[in-house]
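Novice: Structure provided below as structure tokens; questions to follow.
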């Protein structure tokens, strides 16, 4: 009502005070004022009707004050005609005021009735719920004077405000309850998270058993796709770096493009060469490892530590004196064989010592067998059966060892012939002696 009401008043309400020179114009414009009042009530509707009668009364009082002022002026300046005009003007003004008030009341009645009907239909639900409050308010209104009683429009506004307050409170209550329910559900989910994870694992295994495919297959596919994308991005970034390099040369675009392409090709060739060299290094290292393993296996193919100990071990029945003689003979043979294999020691660390050591063992075994035969012939009645059994067993073991030793010696001879040359011998006599010994041992 604020601005629009002021505009309506400024347009439709005219000053009700007329001077002496406007007397005839005032009477001629009565019909126009009536028309304006009807138009005003039709157009302005609620805004005009909402203007209270207080404003009208104030305007009427202003007009009366102006009329009194005009009468005083006419009396002071000695204008009797003006006084008559003023009286007639006051009568006409009062008549117009009565007509305006009647039109305003009729317009208010016509406008407020449909508005009240429409709003009452929309607010039946609120009125039904608050019948008790309305009855109480009506009971109190009987005691309230007419000046303080509220209009039906203000009552509707109060009811709407109360409904808004009630709805806001109810919505806040619903929001609080919803938040509490969400917190409770979240706590329950956290408490049962362990059981759900086990259920998920069992479901995954059951799916694998039913379909025959692993559940992680799409995960690996995604990994492959991501790896391919990364390689493509790396290649693209390298090309972009080459292109982004500042080129100060005054060369055509075709030549610059050919240069960039040549750089890319050179880079790819370099990468291929590095990859090939790395693969060759891996192959060489793997071959070396295989050779080392094979050599270790070949060295382990020979006798075990127990067999070697049994071969070098002398039987318990041999006296002490012949043992010392055997040791001196073995030492002399080993010295001669070492003098023979000085040139071959440069190639291998201990390849020549083992077979020669076996040769010395074979010779000692012959001597040991002769000694045993003499002892048996001389001490037949004195030796018991229990002591004689292990001696025969030891002889059988020695014969078996000799057979295996002979095979190994033949293999070592072949290897020596393939590796060493006849220049390895210092003197012909030593070579003949060693060859004669080898033949005698075989």
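Glycine is treated like the rest: Cβ placed from N, Cα and C.
Keep in mind it's a predicted model, so treat the numbers as computed, not measured.
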Novice: If you check Swiss-Prot, which stretch out of 155-183, 184-212, 213-241, 300-328 is marked region 'Disordered'?
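Specialist: Within the set 155-183, 184-212, 213-241, 300-328, Swiss-Prot attaches region 'Disordered' to 184-212.
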Novice: According to Swiss-Prot, which of these ranges is motif 'Nuclear localization signal': 369-376, 385-392, 409-416, 417-424?
Specialist: 385-392
Novice: Checking feature assignment: region 'Calmodulin-binding' per Swiss-Prot, candidates 270-282, 283-295, 335-347, 348-360. Which range matches?
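Specialist: It is 270-282 that Swiss-Prot describes as region 'Calmodulin-binding'.
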Novice: How do the residues of the region 'Calmodulin-binding' (270-282) split into helix, strand and coil according to DSSP?
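Specialist: Going through the region 'Calmodulin-binding' (270-282) residue by residue, I get 13 helix, 0 strand, 0 coil.
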Novice: What average pLDDT does the predicted model assign to the motif 'Nuclear localization signal' (385-392)?
Specialist: 46
